[in-house]
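*Asks:* The annotation signal peptide is assigned in TrEMBL to 1-26. For 292-314, 367-386, 392-413, 434-454, 460-487, 515-541, 547-570, 582-602, 622-652, the entry in TrEMBL reads transmembrane segment.
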């Protein structure tokens, strides 16, 4: 108590000093910090990879004959997650001057050759979208479908009118930039802009007025202009405004020897939307709005069913324990004669399972993946990994996975010591743990990458990035896994409460295969996932934003509970029929949910991604679905196994057995 009082006396002044020194600047956690722009300040939009829900193969913006900026193409700094997702963010010639409405000329291309026409027509018919970014905001487009206003990010490369065999390119863009007037007053403005660089600290800027960009919208259209007259203009010369959309006769077709003129208009509109709320339009897009009531209803039903199973199971185990304890007190001899069910396998229940090394490796990898998932979703729910921070979610997951290798090594080696009773072979177990899941993922991704390389897609990882990822894994994850394994050799092995017989007990014949019950057990955990799974797949493959990480965290916690309950119930059922081979069955009782996730992914591919074209796109989808399903199997299987192991250990520790 004296030490605690002394510590409090030291901490209180320190905390008070920190609070006094801490400046009172508020900031918006997701995405970049706020940046204010002065009147007529120049801002340049950026362009990301061309994307399509038809092919899922991203391509570089400048793979098409678009206008290039005066200073040449410059790539923006990208994080690991953006590179892995196929993002390629470049500068563009689209210039905006704050609060200046203007209509400008960009450039006129050379006459289109056969290759240009073929490429433009292919990108148009594959529904490729141009993704433009201004102050970290993706451009929004509104369309009217069956009387409903639909929001999309990006705009199409071109379009093919109904009943026409000709394709038309989008070469005129009408931008609307929403700005919110910011009055500095006595509040210091902290700004990093798009690149996260620089801090406004000059005293004379404390009272300046500025403008924040809170919206970025576009109306794309096709306009046929006289290329000879337009080519005499310089970039950013004024041109006449256009009322979109135009008649087909006045649109720009994609044909050989055509020279295409690119122009754009920009209109600045003052808005009451404040900077922290500027992402609300994107997160409320049609099709990505989460059905809150459906999710809550599903969660309550699953929780109710799991509660019933848990209560019934507790009563059953308690009754068995009471009955066996009474038999012990009545007569030792009589007890031996009347023993039945799980107590008969007392000499075999902790017998080493087949492929014990593989089990240790899979449990270790499962702990690593589960830890990564929980920490990532918690941080995402707190706002650290919002859609405003492109690639941050994937980057965070990879970093967490690398550093959680120490836990994977510890768990796998300690489980190995428990099964074998010795530390011999722990290095092999540690190496296998470090290589199992990354090795399978690397093999699948390499095959998919060759497919992307063959199609010249920006989704293909450059060889330098391959070596960088390999170096991160070899220099961080592998050493930490080996260190964790070494710590596991120094930890005390888990002592079994009973001895194992030398001769295995014969398992009675059953009317139906036990694996059938194990395979069916995954349906209950899958019930907690399938609603969220639809929205997650839509966000990945249909370009929608997924933002309900709070609900995802609830679903994950509920999934952990259901997996634990299902695995324990099936383990108890197998022990009651004198089947002591519960190890792998406990793992796959909950891990079998991955089979249903994979089948649901295939169902989503067939019925919801009908527009996905080509074998390469389908192979990409199946490959990524396989990796995710494998990760889910390892994580959920580990939950089931560790819970069942704890239950079996507790169950046989609770009964006196001679």
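For all residues, glycine too, the Cβ spot is worked out from N, Cα and C.
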*Asks:* Could you name the stretch, out of 460-487, 515-541, 547-570, 582-602, with the greatest number of CB pairs under 8 A to the transmembrane segment (622-652)?
*Replies:* 582-602
*Asks:* Which residues, given as numbers and ranges, are at least 6 beyond the ends of the transmembrane segment (392-413) yet have a Cβ under 8 Å from it?
*Replies:* 79-81, 84-85, 360-361, 363-365, 367-369, 371-372, 375-376, 379-380, 384-386, 423, 426, 429-430, 433-434, 472-473, 476-478, 480-489, 491
*Asks:* Take a look at 460-487, 547-570, 582-602 and tell me which one has the most Cβ pairs under 8 Å to the transmembrane segment (367-386).
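*Replies:* Per the Cβ under 8 Å count, 547-570.
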